[in-house]
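A.B. asks: Annotation source TrEMBL lists transmembrane segment at 22-45, 57-77, 237-257, 263-286, 307-328, 340-357, 369-391, 451-468, 475-496.
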């Protein structure tokens with residue numbers, strides 16, 4: 001077999017992993033974020049000032065926010081279930097150290113801090129968990145698209161061929177989910193009246209970079225005979241085209257139907273699509289082609305996976321729009337967000353029960369078809385990850401109140417109640433939203449140029465695969481390559497952020 005055929009076989013005919021393993025893996029990113037926040041609070045408490053060196057800040061962020069995830073999906077994957085326990089113990093140790101140092105500096109009763117926390121108001125204009133969710137989906141996707149070509153990346157984490165729940169299958173759906181959370185329909189103020197199709201026109205202007213990237217990827221892959229998984233999207237289709245079409249189609253539907261009922265449109269689309277798969281020959285066509293022999297004759301036949309799965313991705317996008325609208329309702333207090341967490345947890349429970357019923361009586365999860373089970377699975381796990389991030393943020397808010405103020409980038413700012421103009425203590429300017437410490441946060445840096453980050457990851461992945469025999473690489477070499485690849489990308493984002501450069505011209 002040629003090198004191209006070997007690499008294609010290496011990422012084909014896989015069956016995914018268990019829902020439990022994916023759920024456990026999702027807890028790692030929030031725990032890394034919590035660990036970073038607690039370390040910064042401890043540093044501030046010990047030295048009386050935040051980390052002032054951009055180089056040290058980038059190194060800390062990379063080693064705590066990125067590196068553990070890279071290890072967890074490669075050499076530490078056999079002990080993945082132990083990782084959350086280890087990280088939780090580490091965070092508990094840091095928190096204990098913070099509490100012991102605080103006792104030497106203040107005599108404020110712990111119970112009073114708890115009461116103050118429950119009554120605290122948060123910056124209503126900024127929900128850090130949305131930013132962190134979108135950034136981490138990008139980071140995890142970037143790690144996986146290169147790591148999957150190395151033998152140290154477990155095959156069960158790669159994309160499943162037809163049925164199954166691979167980590168990379170979730171990443172595709174989560175990317176769509178995260179994009180919808182900040183779409184124009186969500187960000188538009190409810191009291192502002194605009195022409196009905198204004199958001200559609202805006203999407204027409206904003207999707208052309210995605211279409212251009214899709215065409216560029218298609219031409220480059222075909223011209224250098226780069227290995228590709230045909231059953232993923234088809235012969236000519238790719239994820240850039242999917243994302244562009246879904247954004248455009250969603251804006252069209254939301255111009256026709258009320259956006260606060262988008263979950264009904266999403267459920268209707270997913271259910272009707274599943275009905276067509278089960279009652280017509282559509283499923284057989286999608287899996288085996290028009291001739292039944294995996295034919296690829298004609299544009300529709302050649303790209304059937306990419307074209308037909310658009311319906312499922314569109315349903316995920318519309319459901320996420322509903323989530324985004326609900327999250328932006330006035331939840332300015334800690335008490336309000338604790339209530340929101342309960343509602344989200346209930347929604348996750350309902351989605352997992354629905355997923356069990358869907359898999360038992362209709363179809364298992366299939367990223368290739370983007371069927372109803374796939375939609376339910378993606379939304380359930382995305383909401384679960386979001387819950388973890390909100391819980392992490394609230395924990396950091398409590399810890400900052402405990403030490404009477406500290407700077408933690410991309411964390412909620414505590415403010416006075418709406419009827420008061422006075423800000424709360426050291427949180428006068430919520431860090432992460434403003435530019436108080438713009439160069440000291442890797443998450444903010446990636447967030448500013450997310451599309452560029454993803455594009456660079458794709459380009460560097462291609463370069464590594466051309467230059468390196470990834471399939472036969474040893475563990476130490478693979479880890480060095482993966483760390484260098486991620487660090488270079490993060491360094492570029494950090495440098496652009498420090499210079500306040502946003503490469504977005506559309």
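Residue 1 is the first one shown; counting continues down the chain.
Cβ atoms are placed via backbone N, Cα and C, with glycine included.
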A.B. asks: If you count Cβ pairs under 8 Å, which stretch among 237-257, 307-328, 340-357, 369-391, 475-496 touches the transmembrane segment (22-45) the most?
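C.D. replies: By the under-8 Å Cβ criterion, the transmembrane segment (22-45) pairs most with 369-391.
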A.B. asks: Please indicate, using numbers and ranges, the residues of the same chain that are 6 or more beyond the transmembrane segment (475-496) and have a C-beta under 8 Å from a C-beta there.
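C.D. replies: For the transmembrane segment (475-496), the nonlocal Cβ contacts are 54, 58, 61-62, 66-67, 70-71, 74-75, 139, 142-143, 146-147, 150-152, 439, 442, 445-446, 448-449, 452-453, 456-457, 460-461, 464, 468, 502-503.
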A.B. asks: Counting Cβ pairs closer than 8 Å, which of 237-257, 307-328, 369-391, 451-468 has the most of them with the transmembrane segment (340-357)?
C.D. replies: 369-391
A.B. asks: At a C-beta cut-off of under 8 Å, are there same-chain residues at least 6 beyond the transmembrane segment (237-257) that contact it? List them, or none.
C.D. replies: 172, 175-176, 179-180, 183-185, 196-197, 199-200, 202-204, 206-207, 210-211, 213-214, 217-218, 264-265, 303, 305-307, 309-310, 313-314, 317-318, 321
